[in-house]
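Asks: Handing you this structure, nothing more for now.
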Amino acid sequence: MASLGINLDHIATVRQARRTVEPDPVHLALLAELGGADGITVHLREDRRHIQDRDVELLRQTVRTRLNLEMAATAEMVAIALTIKPDMVTLVPEKRQEVTTEGGLDVVSQAAALQGQISQLQGAGIPVSLFVDPERAQLQASQRSGARWVELHTGSYAEASWSQQPLELARLIEGTTEARQLGLRVNAGHGLTYQNVEPIAAISGMEELNIGHTVMARAMAVGLQEAVKQMKELVSAPRQEPLFGAGLAAES
């Protein structure tokens, strides 16, 4: 059974639109936990467009489940993580011009730099996950980097047409299998909604789904605690069995 991590970045986006103090991600993290969230995820971007350093500091003190800090693989962010000591760090690609994270890390081309950062973080007792596309070469490079986890990018699945979605699902299923055979633990996220989450939650070996935008959108109608509860029910007991089909992309 997959667990549920709730991403609070969009709460901070609303706050930063007016540069004010509300809505407060720290307060809403508590409501998410009361709704059944198994963890809280925030992305501290280099441009600080939504989550701020102070948010992360306060969340570290108040989160009672798990705190997953998404961040770019930079010296500045590694130093912050070593100070804050979240329960997990997820290294993600970052571009200043993007609206949201657009794809997975290219671990293959960044292997040397990533190995050093991963060693620093895990040497301090902070498990590291790499946000990657479900491609064999990236998974193999992730394993060689020393990371203990990967988070599979589900954006292509979420954005696929009805006819293409089973093929994208098959890539995620096979990517999960490949990662586990390499000794990696597996999470997933990006673009998941109440309508498409169940096949991903049903994948054997999938440990946690990180979901934000769709939950915040529903929270506007039903409140955050209820929105999290509804998503938790889908993730905990998915009704749909996964489909099987296409092979891994970018075979090495």
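Even glycines carry a Cβ here, placed using N, Cα and C.
From Swiss-Prot, here are the annotated features:
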BINDING   Asn7, Arg18, Gly191, Gly212, His213  3-amino-2-oxopropyl phosphate binding site
BINDING   Asp9, His10, Arg45, His50, Thr100  1-deoxy-D-xylulose 5-phosphate binding site
ACT_SITE  His43  active site, proton acceptor
ACT_SITE  Glu70  active site, proton acceptor
SITE      Glu151  site 'Transition state stabilizer'
ACT_SITE  His190  active site, proton donor
Asks: Go through Asp9, Glu70, Glu151, the listed recorded positions, and name the one with the sparsest Cβ surroundings, counting other Cβ atoms within 10 Å.
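Replies: If we count Cβ atoms within 10 Å for the recorded positions Asp9, Glu70, Glu151, the smallest count is at Asp9.
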Asks: How many Å separate the two farthest-apart Cα atoms among the 3-amino-2-oxopropyl phosphate-binding residues Asn7, Arg18, Gly191, Gly212, His213?
Replies: 26
Asks: Of Gly191, Gly212, which of the binding-site residues has the most Cβ neighbours inside 10 Å?
Replies: Gly212
Asks: Can you tell which of Arg45, His190 has the least company, meaning the fewest other C-beta atoms within 10 angstroms of its C-beta, among these recorded positions?
Replies: Arg45
Asks: If you run the three-state DSSP split on Gly191 (3-amino-2-oxopropyl phosphate binding site), which class comes out?
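Replies: DSSP assigns Gly191 (3-amino-2-oxopropyl phosphate binding site) to coil.
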Asks: Under DSSP, is Asp9 (1-deoxy-D-xylulose 5-phosphate binding site) part of a helix or a strand, or is it coil?
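Replies: DSSP call for Asp9 (1-deoxy-D-xylulose 5-phosphate binding site): helix.
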Asks: Where the distance is taken from Cα to Cα, which of the recorded positions Glu151, His190, Gly212 turns out closest to Asp9 (1-deoxy-D-xylulose 5-phosphate binding site)?
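Replies: Spatially nearest to Asp9 (1-deoxy-D-xylulose 5-phosphate binding site) by Cα position is Gly212.
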Asks: According to DSSP, does His43 (active site, proton acceptor) sit in a helix, a strand, or coil?
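Replies: SS state of His43 (active site, proton acceptor) = strand.
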Asks: Does His50 (1-deoxy-D-xylulose 5-phosphate binding site) have same-chain partners at least 6 apart in sequence with Cβ under 8 Å from its own Cβ, and which are they?
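Replies: Those within reach of His50 (1-deoxy-D-xylulose 5-phosphate binding site), by Cβ under 8 Å and sequence separation of 6 or more, are Asp9, His10, Ala12, Thr13, Arg15, Gln16, His43.
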Asks: Which of Arg18, His213 has the fewest nearby Cβ atoms, counting only those within 10 Å, among these binding-site residues?
Replies: Arg18
